[in-house]
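What TrEMBL records for this protein:
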- 1-114: domain 'Major facilitator superfamily (MFS) profile' (DOMAIN)
- 29-48: transmembrane segment (TRANSMEM)
- 60-82: transmembrane segment (TRANSMEM)
- 88-110: transmembrane segment (TRANSMEM)
- 137-157: transmembrane segment (TRANSMEM)
- 172-193: transmembrane segment (TRANSMEM)
- 205-225: transmembrane segment (TRANSMEM)
- 231-254: transmembrane segment (TRANSMEM)
- 266-288: transmembrane segment (TRANSMEM)
- 294-316: transmembrane segment (TRANSMEM)
Amino acid sequence: MLISSLILLAGAMLWLGYATDLGALIGGRILQGVATGALTGAAGAALAETHPRSDLTSAAAVNSLATSLAIALGALFSGALLDLGTPLWLPFASLSAASAVVAIIIFLVMPQQASHQRGPVVIFQRLYVPRSMRREFAVASLCVAAAWSVGGLYLALGGRLAHSLLGVEGHLVAGTVILAVQGVGAGVQFVWIKTQRGDSVQRPIVLAVFALSIGIMTTAVGVLLTSPLLAIVGALVSGCGFGLAFMLGTRLISLAAPAEHRSDAMAAYFVVAYAALSIPALGVNLLAELIGQIAAFVTFAFTVFVLCATASFLLLRPQPQVQ
């Protein structure tokens, strides 16, 4: 499953790199989202199954931390390449090549572990949520949708807002905005892993979505008032909320999913995550063409706020805690 997802991802990156119209871009983005969702789901399940102490909490934390760091570094790397004057397709081709190399490495390593594995080889990842965990999946999906929607907003308009507020522009600036949000998120995840092991997920997720809502609304106010300080503080607080919401949502899925369906549930969860990243990134740009980038950002910020409020409401309702 890991290999087929990586091959699909490599193809999606090449598709995006050579897309010539909006339809091709949307098609490539959908393919990339499906491939990445399947890959991260399979990787999350593999981490849980191969952990030396069968520690699902640690496996989920590593999964979310690695994803946050990869998004941050990927945005910075791509922005730096483009500002150096390289062709637009080069960052996509680089990531495609990296995916292919990782697939080859896994293929070479797998025969050494084949004797320890049972069951048929999975070529295509199934998306399935067992009935026993659908409440947890709904809550985790709302949390990750809110978190990754924030990422989509900064991904779509972060560079242009930085230009409006700070007078700086460039692809590297846009990458730095993503690095700020995702990098802070990764840092918060790391600190939480080191200091809060063993706690239930309910209260921390409420804290995470609260930070998301406060952060994105603070950024929106900063944009409306043309205040760089408020916008930066809001982005950093959003990053804290992003990191916690993503990590704890991943942990909730890992703990609630039956072992035989963990990969299926994780894949479905990450497809929700990448849809939440893609739809705002596309939608806010289209809306910006109609009503302007500031009004579009504020509109989507309020939408994220509603998502956070809905997730908080579900979490605060009486329910069994997942330990």
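Backbone N, Cα and C define each Cβ position, glycine as well.
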Summary of DSSP states over the domain 'Major facilitator superfamily (MFS) profile' (1-114), given as helix, strand and coil counts: 99 helix, 0 strand, 15 coil
Mean per-residue pLDDT computed across the domain 'Major facilitator superfamily (MFS) profile' (1-114): 80
The transmembrane segment (137-157) and the transmembrane segment (205-225) contact flag, 3+ Cβ pairs under 8 angstroms: yes
Closest-packing stretch to the transmembrane segment (205-225), where packing means Cβ pairs under 8 Å, from 172-193, 266-288, 294-316: 294-316
The transmembrane segment (266-288) touching the transmembrane segment (29-48) per 3+ Cβ pairs under 8 Å rule: yes
